[in-house]
Amino acid sequence: MPFKLFDVDAEIPERKKHVYIKKKEDPEEDLPLCNTKTIPGCMTERGCAFAGAKGVITGAIKDALHVIHSPVGCTAYGYGTKRYPTSQEMPDGSLFPIENFNLKYITGTNLTETDVVFGGMDKLKRCIIEAAKEFPEANAVYTYATCTTGLIGDDIEAVSREVSEEIGKDVVAINAPGFAGPTQSKGHQVANYTLFENLVGTAEPPVVTDYDVNLIGEYNIDGDLWVLKRYFEEMGINVLSTFTGDCCHDEIKWMHRAKLSLVRCQRSATYIARLLEERYNVPYMKVDFFGIEYCKRNLMATGEYFGIPERAEEVIKDRMEKIGPEIEYLRNKLAGKKVWVFSGGPKNWHLPRPLEDELGMEVVAVSTMFEHEDGYEKIKKRVGENTVIVDDPNSLELEEIIEKYRPDIILSGIKEKYLAHKLGVPCVLIHSYENGPYIGFEGFLNLARDMYASIYSPVWDLLEFEAGD
């Protein structure tokens, strides 16, 4: 049978549908059950819809102020974002006064029981006005519904329209309370549609060229965006807008002027690429820059689209000369090592082939927290025989996978990292990274370096137990 019930799930037999063992002879439609509510009793690693909107999509915007309409807990949760560094450079050549503004500040309404009983809309209005005065450099305000305000029915959109006129700035209401969907993926969708309907097409870029692209679903985790931008600059391609890494609020307004959209994170941001194509006839291309061969292939595809493949070839040749010798050394050190890829969504199908084909590793397990069926179809095609594919894994399953499949290293998020360490297994952060960037040629080299350093660290020789003992 292709589906597996872990021993720890004996009391939750429904989990069997979420765990799939890859077999070549299985029908294509055999996939883990996904994008459904977490089964009661599971200690899920998922985030909520609000986290998907603020923590992924809008949290990377450099000049926006965020007002969380919630009790203080959700505001604190909204502050715990990924490492999305931002520069001070603005599209018109000016400098935004605060570097990494998006990482430093967040505001909230701090709802109390009284606000829940009598409504919190007046408090939200006061908070937006006060926050705008406290941070006059912010060019826009984004406000968010949460579970509490979604349940009591506060109309954050009406408040946002009213306050926008009063303060003279865009106030964008993101209506993605935590319960809006089974995973943070619903928050991605809501934020995509909200930003498209409220912003796209409302302003023009300062300069346009024949080689303008939107880089969509690239959030500049630990500088990923800046790596890709350098490639494109060397090819003569202008990144007109990013969605939303190191972007300013106004960049989203002129996305409709690009000649092509490149969609990097296809789970969180294909929505807006489709909308741009439908309404403004901006075609989009799904791209993958993790690993050497994928990066080569997608740079060439972009160059060929604009009729400049020779420029892509030059970029590829230059980078391969720089990283080739060290990659070969690290391949020799990592070959045969077992790896478990445990990320939110697309990295689970971006990484298995590069890890196996380019570093000689063996991917023994892949698990995601919010992937959809189309993503699992890609995962299934890209992993080897007997690979374990798990949807919405819980903490006890994590322990059982470590015990039974003995990965030498896990690529995961912060929530899983320290549990893995306690079980004696090295772990490299694949969400926010250790020593990124991890994208592109030099990024893949950084990832290989971090895996090598983690696996061969002498600290593991000091442990008094092994996983499973």
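Each residue, glycine too, has its Cβ placed from N, Cα and C.
Per Swiss-Prot, the feature [8Fe-7S] cluster binding site maps to C48, C74, C147. In sequence order, C147, G178, F179, Q184, G187 are the residues near C48 ([8Fe-7S] cluster binding site), counting only same-chain partners six or more apart with C-beta under 8 A. In the three-state DSSP classification, C48 ([8Fe-7S] cluster binding site) falls within coil.
Among the features that Swiss-Prot reports, [7Fe-Mo-9S-C-homocitryl] cluster binding site is placed at C265, H431, with the record citing similarity to another entry. C265 ([7Fe-Mo-9S-C-homocitryl] cluster binding site) carries neither a helix nor a strand DSSP state and counts as coil.
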Enumerate the residues of the same chain, C48, C74, C147 excluded, that satisfy the criterion Cβ within 8 A of the mean position of the Cβ atoms of the recorded [8Fe-7S] cluster site; list them in sequence order.
-> A49, F50, A51, S70, Y77, T146, T148, P177, G178, F179
Within 10 Å of the Cβ of H431 ([7Fe-Mo-9S-C-homocitryl] cluster binding site), how many other Cβ atoms can you find? Include all protein chains, please.
-> 18
Which listed residue (C74, C147, C265) has most other Cβ within 10 Å, given these are binding-site residues | C74
